[in-house]
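Engineer: This is the structure I want to talk about, given as structure tokens.
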Number of protein chains: 6
Amino acid sequence: MKSDLTHLDEKKRPKMVDVGVKEETERIAVASGIIEVTPEAFEAVKNETTKKGAVLHTAVIAAIMGAKRTPDLIPMCHPLLLTSINCDVEELPNLPGFKLIVTCKLKGRTGVEMEALTGVSIGLLTIYDMLKAIDKGMVIKNIQLERKSGGKSGDFVR
Amino acid sequence: MKSDLTHLDEKKRPKMVDVGVKEETERIAVASGIIEVTPEAFEAVKNETTKKGAVLHTAVIAAIMGAKRTPDLIPMCHPLLLTSINCDVEELPNLPGFKLIVTCKLKGRTGVEMEALTGVSIGLLTIYDMLKAIDKGMVIKNIQLERKSGGKSGDFVR
Amino acid sequence: MKSDLTHLDEKKRPKMVDVGVKEETERIAVASGIIEVTPEAFEAVKNETTKKGAVLHTAVIAAIMGAKRTPDLIPMCHPLLLTSINCDVEELPNLPGFKLIVTCKLKGRTGVEMEALTGVSIGLLTIYDMLKAIDKGMVIKNIQLERKSGGKSGDFVR
Amino acid sequence: MKSDLTHLDEKKRPKMVDVGVKEETERIAVASGIIEVTPEAFEAVKNETTKKGAVLHTAVIAAIMGAKRTPDLIPMCHPLLLTSINCDVEELPNLPGFKLIVTCKLKGRTGVEMEALTGVSIGLLTIYDMLKAIDKGMVIKNIQLERKSGGKSGDFVR
Amino acid sequence: MKSDLTHLDEKKRPKMVDVGVKEETERIAVASGIIEVTPEAFEAVKNETTKKGAVLHTAVIAAIMGAKRTPDLIPMCHPLLLTSINCDVEELPNLPGFKLIVTCKLKGRTGVEMEALTGVSIGLLTIYDMLKAIDKGMVIKNIQLERKSGGKSGDFVR
Amino acid sequence: MKSDLTHLDEKKRPKMVDVGVKEETERIAVASGIIEVTPEAFEAVKNETTKKGAVLHTAVIAAIMGAKRTPDLIPMCHPLLLTSINCDVEELPNLPGFKLIVTCKLKGRTGVEMEALTGVSIGLLTIYDMLKAIDKGMVIKNIQLERKSGGKSGDFVR
């Protein structure tokens with residue numbers, strides 16, 4: 001079995017892979033993740049949601065800003081020029097918890113799934129931060145790629 | 001039920017809460033998270049681990065650097081002077097996957113769980129990035145606080 | 001007349017002045033600034049305010065995050081550990097426009113007026129950004145220190 | 001009246017708008033702003049100007065570096081590749097004060113007025129910082145777009 | 001003799017030069033530098049190298065991340081989209097010391113030698129940091145451009 | 001021979017060492033470095049120096065800002081609150097070239113030599129950047145610690 005660890009050179013040193021040979025195409029990635037909270041914390045956000053939505057709103061802004069910081073945070077990620085970042089939040093009353101979905105777009109030479117996943121992670125951490133005085137047992141889970149298109153390796157749908 | 005959303009002021013505007021009145025104490029937080037990967041990806045890391053450990057090593061460095069960036073990323077987090085950051089990685093051959101544990105310490109006025117959780121998130125995203133050419137179905141999960149001590153609100157152990 | 005340009009050394013080179021000799025005290029600074037907009041833009045924010053307040057909310061978050069970035073942006077500013085950042089927004093229907101007030105606190109060796117002023121500036125620029133599709137003639141004005149306390153040089157009230 | 005708050009989606013959540021459909025054109029924006037200071041502070045800068053210009057020089061560098069940081073600071077701004085940043089400073093002896101003018105250029109898909117305005121703001125804050133030991137009553141004002149060209153919505157001249 | 005200080009305008013103010021008129025070409029730069037250490041420190045790295053290579057590995061990651069931060073650090077550098085960053089480390093047993101070589105690539109309008117040189121500098125500082133408990137006399141030297149191609153001014157080979 | 005690679009844990013993973021047990025003391029570090037340039041480039045800076053000193057002035061500002069960014073750049077460096085940063089530049093007409101000296105101070109738990117060395121490196125790279133249109137053969141050399149005081153391990157003087 002040959003595994004293609006593309007971020008390591010022949011001496012097993014990390015490298016930022018050469019994408020200069022790739023074509024500029026329209027690339028889209030959608031990632032999602034969930035934060036599971038107590039019923040008390042869920043209600044606190046929901047009540048506040050019906051008024052001003054400050055917790056979820058702050059999370060969305062943090063997700064957008066976090067997605068833009070991806071190449072500063074993930075060592076082998078290329079700097080790139082996201083053309084669009086979009087977030088959605090779903091209430092999951094049965095868990096209870098919240099699902100954050102981040103969509104990133106680019107006209108460029110490399111995929112944007114890391115940007116979408118980083119946005120999701122930072123957004124969920126922001127919800128965690130704003131609820132931690134109420135709930136210390138929260139769990140962030142199921143951070144995953146939902147779908148991806150535009151790359152040479154073909155489209156992906158979970 | 002009164003819920004204490006401490007990051008919102010009386011007009012529901014976000015604020016960075018005042019920690020100036022808190023005492024400087026030794027604070028420790030331990031967080032962990034898991035990335036679930038395919039057997040093929042697991043083997044690729046393990047083989048490479050026995051040589052130079054580049055993937056997990058890169059993740060540890062990204063986790064440490066990410067933990068330091070927490071106040072830049074999480075809007076309501078205070079800037080603070082972490083005195084120590086320590087990582088551990090466990091192989092989970094049955095999942096298969098990897099567990100990343102980050103411990104942060106501070107002599108200061110506010111807890112460091114967000115720093116530990118951010119470190120875990122960035123570290124796991126780094127593993128994801130370095131394996132995504134092999135495995136597009138990876139899932140990051142169970143990002144959670146393991147234990148915390150040193151604050152006014154008492155110690156926490158999961 | 002002798003003017004004390006404290007940020008220049010005897011060769012007129014910039015320096016970050018030595019605050020190591022100053023005492024750690026509780027320092028507070030309040031700064032404010034105004035953005036003047038068209039009646040149409042004012043109404044757009046107000047209508048939206050009665051629902052979710054997204055524009056002003058985003059500005060508050062950007063102000064808080066911007067205040068934390070001050071030492072990265074203003075060359076001679078010291079890194080410091082803000083203990084509190086608080087924002088308020090006033091509607092000015094007669095201008096029309098909005099006034100943003102940022103309060104920063106610190107237990108430390110140097111004043112925090114630059115942090116409060118930077119927060120105000122970034123917050124107002126964020127309002128500008130979100131309204132610029134409606135109004136290209138907006139003006140940001142009256143960015144100023146309102147009051148300051150805790151330093152050796154005595155309190156200041158405008 | 002329909003107001004086009006382009007940075008909010010249909011649920012009033014902030015988003016980074018999609019510029020992928022826009023064409024790459026040469027875009028230029030010029031912004032300016034003023035800092036009003038005491039005659040004493042004005043003289044201090046001028047005297048020093050005739051020698052080495054350290055205050056205004058530092059402000060120009062901070063403005064250039066600040067313009068480059070715009071997407072890190074303004075939540076909904078796109079990352080972009082400024083091709084040119086140019087500053088000019090005018091002495092305003094009658095105010096007294098200083099006017100800072102920043103010109104940004106780009107070959108890209110979105111306008112650069114936020115970059116020019118952010119550069120102006122950071123530059124003026126830098127002058128404030130370097131003069132605040134002499135003058136605590138300074139006011140930053142009239143931060144505004146002077147002209148803009150290259151976008152789909154037509155040129156703007158104040 | 002006319003010297004072309006391209007980063008200064010006619011008033012001797014710094015500027016970020018206009019590269020909008022330059023063509024997008026494939027640009028490559030290779031830079032290198034050396035850190036001279038004591039035999040004891042050299043052996044400590046080498047021993048550890050044969051196991052996990054943590055010091056040199058960390059330096060390579062820091063070099064890659066540092067190269068990406070160049071426009072944040074060097075005031076007049078343009079933001080740009082590096083398509084590839086590659087590092088190599090040579091052991092110099094006779095010095096003793098280590099040589100770090102960084103190669104950067106870009107499809108763009110400006111050269112990437114500053115990115116390669118910044119990567120080398122940050123990488124060598126990282127080795128310094130990790131060895132400084134053993135050796136306080138280390139010297140970083142010979143940071144220089146090795147070769148460069150793709151620009152209008154012709155290729156350079158040292 | 002036992003070598004104390006303090007930044008690696010028992011599994012050879014990098015860590016940010018625990019400085020919480022160290023005492024807060026006044027710490028000072030002085031570092032220096034040299035850039036060797038052609039006579040033509042040396043004259044270009046000197047001529048301009050006698051007027052406005054833009055190249056060396058820009059280097060000093062970049063050095064100060066770079067020193068503040070050290071924990072963002074060097075993976076295992078602690079965040080800390082520099083209380084003072086001071087630069088000096090010496091002309092070396094015989095080399096020809098320039099020597100940059102950076103002095104950093106802190107009241108804290110860890111030494112500041114990395115901050116001084118990073119400041120020197122970024123400052124010299126800035127001179128390089130501003131002269132590279134004239135001189136492609138420049139060499140940065142002799143980046144080294146000059147002296148250090150205030151730590152548990154005793155003072156160091158080169």
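Note that Cβ sites are derived from N, Cα and C of the backbone, with glycine treated the same way.
TrEMBL lists these features:
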DOMAIN    C:16-151  domain 'Molybdopterin cofactor biosynthesis C (MoaC)'
BINDING   C:Met76, C:Cys77, C:His78, C:Met114, C:Glu115  substrate binding site
ACT_SITE  C:Asp129  active site
Engineer: Any same-chain residues 6+ apart from C:Met114 (substrate binding site) with CB under 8 Å of its CB? Would you list them in sequence order, or say none?
Structural biologist: C:Thr70, C:Ile74, C:Cys77
Engineer: Quick check: in three-state DSSP terms, what is C:Asp129 (active site)?
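Structural biologist: Looking at the DSSP assignment, C:Asp129 (active site) belongs to a helix.
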Engineer: Using C-alpha atoms only, work out the spacing between C:Met76 (substrate binding site) and the residue listed as 'active site' and round it to an integer in Å.
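Structural biologist: Given the Cα positions, C:Met76 (substrate binding site) is 27 Å from the residue listed as 'active site'.
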Engineer: Counting across all protein chains shown, how many other Cβ atoms sit within 10 Å of the Cβ of C:Met76 (substrate binding site)?
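Structural biologist: Result for C:Met76 (substrate binding site): 22 other Cβ atoms within 10 Å.
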Engineer: Quick one: of the binding-site residues C:Met76, C:His78, C:Glu115, which have a CB under 8 A from chain F's CB atoms?
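Structural biologist: Near chain F, the qualifying binding-site residues are C:Met76, C:His78.
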Engineer: Please work out the number of neighbouring Cβ atoms within 10 Å of the Cβ of C:His78 (substrate binding site), leaving out its own Cβ.
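Structural biologist: Result for C:His78 (substrate binding site): 22 neighbouring Cβ atoms inside 10 Å.
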Engineer: When C-beta separations to chain D are restricted to under 8 angstroms, which of the binding-site residues C:Met76, C:His78, C:Glu115 qualify?
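Structural biologist: Checking chain D against the binding-site residues, the residues within range (Cβ-Cβ under 8 Å) are C:Met76.
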Engineer: Just to be sure I understand, if DSSP states are collapsed into helix, strand and coil, how many residues of the domain 'Molybdopterin cofactor biosynthesis C (MoaC)' (C:16-151) fall in each?
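Structural biologist: Breakdown, helix to coil: 51 helix, 45 strand, 40 coil.
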Engineer: What whole-number distance in angstrom separates the two most remote CA atoms of the substrate-binding residues C:Met76, C:Cys77, C:His78, C:Met114, C:Glu115?
Structural biologist: 12
Engineer: For the recorded positions C:Glu115, C:Asp129, which one has its C-beta crowded by the most other C-beta atoms within 10 angstroms?
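Structural biologist: Highest number of other Cβ atoms within 10 Å: C:Glu115.
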Engineer: Provide, as an integer number of angstrom, the distance between the C-alpha atoms of C:His78 (substrate binding site) and the residue listed as 'active site'.
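Structural biologist: For C:His78 (substrate binding site) versus the residue listed as 'active site', the Cα atoms are 28 Å apart.
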Engineer: Could you state the whole-number distance in Å separating the C-alpha atoms of C:Glu115 (substrate binding site) and C:Asp129 (active site)?
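Structural biologist: If we compare the Cα positions of C:Glu115 (substrate binding site) and C:Asp129 (active site), the gap is 21 Å.
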